[in-house]
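Taken from Swiss-Prot as is:
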BINDING   Arg30, Glu92, Arg132, Lys470  (6S)-5-formyl-5,6,7,8-tetrahydrofolate binding site
DOMAIN    227-393  domain 'TrmE-type G'
BINDING   Asn237, Thr256, Leu258, Thr261  K(+) binding site
BINDING   237-242, 256-262, 281-284, 342-345  GTP binding site
BINDING   Ser241, Thr262  Mg(2+) binding site
Amino acid sequence: MMSSPIPHQQTIAAVATAVAPGQGGIAVVRLSGPAAEVVGRSVVSIPGQQLWVSHRVLYGHVMDESGKERIDEVLVLLMKGPRSFTGEDVVEIHCHGGLMAVQRVLERVLAQPHVRRALPGEFSQRAVLNGRLDLTQAEAISELVAARSRRAAQLAMTGVDGGIQRRITSLRERLLDQLSELEARVDFEEDLPPLDGAELLLELQCVRRELEQLVEDAKRGDVLRQGLQVALVGRPNVGKSSLLNRLSRRERAIVTDLPGTTRDVLESEIVLEGVPITLVDTAGIRATQDALEQLGIDRSHQALAAADVAVLVFDLSLGWTADDAALLAQIPDDLPRLLVGNKADLQPASMAASLMVASLGNEVDGKTVDVMLSALTGQGEEALIKAVLKTCGASEAQGLVVALNQRQQDLAAAAAIALARTQEAAEHQLPWDFWTIDLRQAISSLGEITGEEITEAVLDRIFSRFCIGK
């Protein structure tokens, strides 16, 4: 990685804070590049004896092109490179939030010579190119911004603090040590003592196992990062909408005693034990002549196909019916599912239990109800939450320390595969130089994770997924 700022011909600018009409007390317009200070001095009028000193906040006004009209009252901060986020000269203009003030300030900045609008993720990309961040830290910042739960934010912060970088760099250095031993034997075997191939191979196997464990852990971490989609399915009037409202802690869906009340797919975003979950209340699935209701049923099938887990709700007071069995058969075999008996409050628990056993019998291939609950009273709610998290493997994600994103997972897996090929070369007693081929590939893959071995074209593709202003 480069440790001194890379010269960029253009200075970039963008709004670095979320902006919505009428929302937000303040917003930040960020500039980075060689003209940042000049542009800041041009658009911001600083009264009195205040001096433009690095890392000192100044008070002033953004003026229009004529210098007569005040566009906004602002605070401005100059950060001279390399002591800035990007490693370049950076100016941040803190103006009032909302829409119009921010837009006018940004337009005033972009009207200056040698300034253009920043591309998505371009500030972070410059930080990586200038050695202020490694690639895993930059990606972790993006994940921190997008985090939908406290646990996801904590996991992202570990990456921001360099947790992923340290882990990957340590593994890569261990491989580099082994590669240096091998290459020395290839070039100067006569001058060196014999190499213990078994010991070297054991070290490569240890690194491979650690990489495979990182990939396995990361798959569980995806649950915290991406969340789960849980589809509530069942016949009309079994209490799906009541269950959605219960879990959402608000009246998200209309609830009546009339079958077919829900005619579209309703969604509710919640967080359960640190896991972001999208609850999808589907229209009751049944045969119908109502075109509007049928449209809702079609969308229910689409929601089911996109779900991570299906919660099939049936009415305990009516028992398991042929329609329930038909719905169960429509759930894809590879989709995790839970059978949930609702309306347990309508009869004593002992009656509900006996009704469950008697009604299910062999009609569901020996499967029993996973949870009995009452969406009305909340009875069984905690059991349902635990069952959903366990079914999706989310419970196992709670203890993770670091979790690779998908790009990092793919590269770690590629490194592990390359090390497996190295082991095959050893088993076939191939010469040392055959070992080095795949070992170099593993080292290269790990270098791509941290950005030590990566092209700017690949960086462009990675950072294009970031938000503008980051």
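Note that Cβ sites are derived from N, Cα and C of the backbone, with glycine treated the same way.
Recorded features from Swiss-Prot, shown on the structure.
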{"residue": "Arg30", "record": "(6S)-5-formyl-5,6,7,8-tetrahydrofolate binding site", "CB count, 10 Å": "24"}
{"residue": "Glu92", "record": "(6S)-5-formyl-5,6,7,8-tetrahydrofolate binding site", "CB count, 10 Å": "21"}
{"residue": "Arg132", "record": "(6S)-5-formyl-5,6,7,8-tetrahydrofolate binding site", "CB count, 10 Å": "23"}
{"residue": "Asn237", "record": "K(+) binding site", "CB count, 10 Å": "20"}
{"residue": "Lys240", "record": "GTP binding site", "CB count, 10 Å": "31"}
{"residue": "Ser241", "record": "Mg(2+) binding site", "CB count, 10 Å": "25"}
{"residue": "Lys343", "record": "GTP binding site", "CB count, 10 Å": "22"}
Minimum Cα separation from Glu92 ((6S)-5-formyl-5,6,7,8-tetrahydrofolate binding site), reported as the residue among binding-site residues Asn237, Ser241, Lys343 that achieves it: Ser241
Helix, strand or coil at Arg132 ((6S)-5-formyl-5,6,7,8-tetrahydrofolate binding site) [DSSP, three-state]: coil
Integer average pLDDT (0 to 100) for the domain 'TrmE-type G' (227-393): 73
Distance from Lys343 (GTP binding site) back to Asn237 (K(+) binding site), taken between C-alpha atoms, in Å: 11
Lys343 (GTP binding site) - helix vs strand vs coil (DSSP): coil
Candidate binding-site residues Arg30, Arg132, Ser241, pick with smallest Cα gap to Lys343 (GTP binding site): Ser241
Lys240 (GTP binding site): secondary structure state under DSSP, collapsed to three categories: helix
Cα-to-Cα gap, Arg30 ((6S)-5-formyl-5,6,7,8-tetrahydrofolate binding site) vs Lys240 (GTP binding site), nearest whole Å: 47
